[in-house]
Amino acid sequence: MSNLKEVQDNITTHEQQLVAARQKLKDAERTVGVDPDDVNKSTLQNRRAAVSALEAKIGELKRQLADLVAAQKLATKSVDPTGIEPDDHLKEKSSLRYGNVLDVNSIDLEEPSGQTADWKAIGTYILSFVLPIVLKALYMLSTRGRQTVKENKGTRIRFKDDSSYEDVNGIRKPKHLYVSLPTAQSTMKADEITPGRFRTIVCGLFPAQIKARNIISPVMGVIGFSFFVKDWVDKIEDFLRAECPFLPKPRAQAESFLSTNGAYFMNRQTQVEESKVQDILDLIDTAESGGATLFDNIASPQSAWIFACAPDRCPPTALYVAGVPELGAFFSILQDMRNTIMASKSVGTAEEKLKKKSAFYQSYLRRTQSMGIQLDQKIIILYMINWGKEAVNHFHLGDDMDPELRQLAQALVDTKVKEISNQEPLKI
């Protein structure tokens, strides 16, 4: 029915019929109450069906009426010649077109952000699993992390392994390890595990096991992490014995230790002791009793390995070991340096090159300091002075071909292309 008046008349007619039908239903109910035979019961059923049918019809007609009224309003609505939406506060039209409406109903501002993760709850959850499934999940989220995240983005995935199970009434049931792979719009719970949080907590709990299995994230591999940690114990001991430029030189030879990096680190450890947070101390206690391989000195053989899988902040279990948070910052600077080198040598406009740069250091600094500790920039400078040049010389820059070999190969390519076409040969 296209006519508004026809629909209104139809509703009026059906409402009159409904009044009569309801009266007949009441009469039928009274009759059944006095004489409940089969005929009267059948009549009652028919009366009820008639009332239901009329109510449904009236409901449908009212919906039609509402649609017609809405369509009529839309048709008569005056179009703003300026192209500005009615509720837009601008007096003149913006140069930008109107885009999508972003629904924020699902966002809860009371939920903590990713920077205030409940590390104790996350650590306790990870420690409840056997080591094989944890290390296999770490491999999937570090060595094969990009592929795993790409295939499962926006979902909550479960890792399953035969080594991880629980007995329920005598039946062996798989115990899944849950990890959330959020999108940019996702809001994470304090105890929800994301790939970044997972790498952070597992690297902090099991550095010795990661070292034994040589699990290294690609972003750490390309900055030469394997070479860097090859002789880590000798490297860090030589570093701690070296003279510190930030300490005054001793007057006597017997006091030479007081001007070394080791002495600076001892002073730093005293400062760190004053910054401890109870939740992280509780996590460390839980981890020590749960079989984790923790350390309390940067000279430990596995201390550098807590960064092997590129955690996005210093793992909380090593947060209070002097020099360790700064070591992670040093690695993040190396990642930025390598990306800057790669962007510089690439072909493209200045703007395109800038897009290839990264900000790992800023992200690491912000996330680590949000855990309640300020990084000592002087320690990062010491690392850069002592190890920076060596680290840069071992970057993987995607150019492992010998220059002479490249020249010979390019000459052969140039010759062959000129033989078969008049196009300009590409560079290898």
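Backbone N, Cα and C define each Cβ position, glycine as well.
Per-residue pLDDT, averaged across the coiled coil (4-71), gives 86. Under the heading coiled coil, Swiss-Prot lists 4-71.
Among the features that Swiss-Prot reports, region 'Homomultimerization' is placed at 1-79 (among others).
As annotated by Swiss-Prot, region 'Chaperone activity' applies to 1-100, with the evidence given as similarity to another entry.
What Swiss-Prot records for 1-50 is region 'RdRP binding', and it gives similarity to another entry as the kind of evidence.
Taken from Swiss-Prot, the feature region 'Viral panhandle binding' applies to 1-175, supported by similarity to another entry.
The region 'Interaction with glycoprotein N' annotation in Swiss-Prot covers 80-248.
According to Swiss-Prot, the feature region 'Homomultimerization' maps to 100-125 (among others), an assignment based on similarity to another entry.
The feature region 'Interaction with host RPS19' is assigned by Swiss-Prot to 150-175, with similarity to another entry given as support. Panel annotation: around the region 'Interaction with host RPS19' (150-175), residues 129-130, 132-133, 136-137, 140, 181-183, 186 of the same chain, lying at least six beyond its termini, place a Cβ under 8 Å from a Cβ of the stretch.
Residues or ranges marked as region 'Viral RNA-binding' by Swiss-Prot on the basis of similarity to another entry: 175-217.
The region 'Interaction with host UBE2I/UBC9' annotation in Swiss-Prot covers 188-191, and the record cites similarity to another entry as its basis.
Among the features that Swiss-Prot reports, region 'Homomultimerization' is placed at 372-420 (among others), with the record citing similarity to another entry.
The region 'Interaction with host DAXX' annotation in Swiss-Prot covers 372-428.
Under the heading motif 'YxxL', Swiss-Prot lists 178-181.
Annotation source Swiss-Prot lists site 'Important for the endonuclease activity' at Asp88 (among others), citing similarity to another entry. DSSP assigns Asp88 (site 'Important for the endonuclease activity') to coil, not to a helix or a strand. Cβ neighbours within 10 Å of Asp88 (site 'Important for the endonuclease activity'), excluding its own Cβ and spanning all shown chains: 13.
Annotated site 'Important for the endonuclease activity' per Swiss-Prot: Asp103 (among others), in sequence order, evidence recorded as similarity to another entry.
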- prompt: DSSP says what for the motif 'YxxL' (178-181): how many helix, strand, coil residues?
  reply: 0 helix, 4 strand, 0 coil
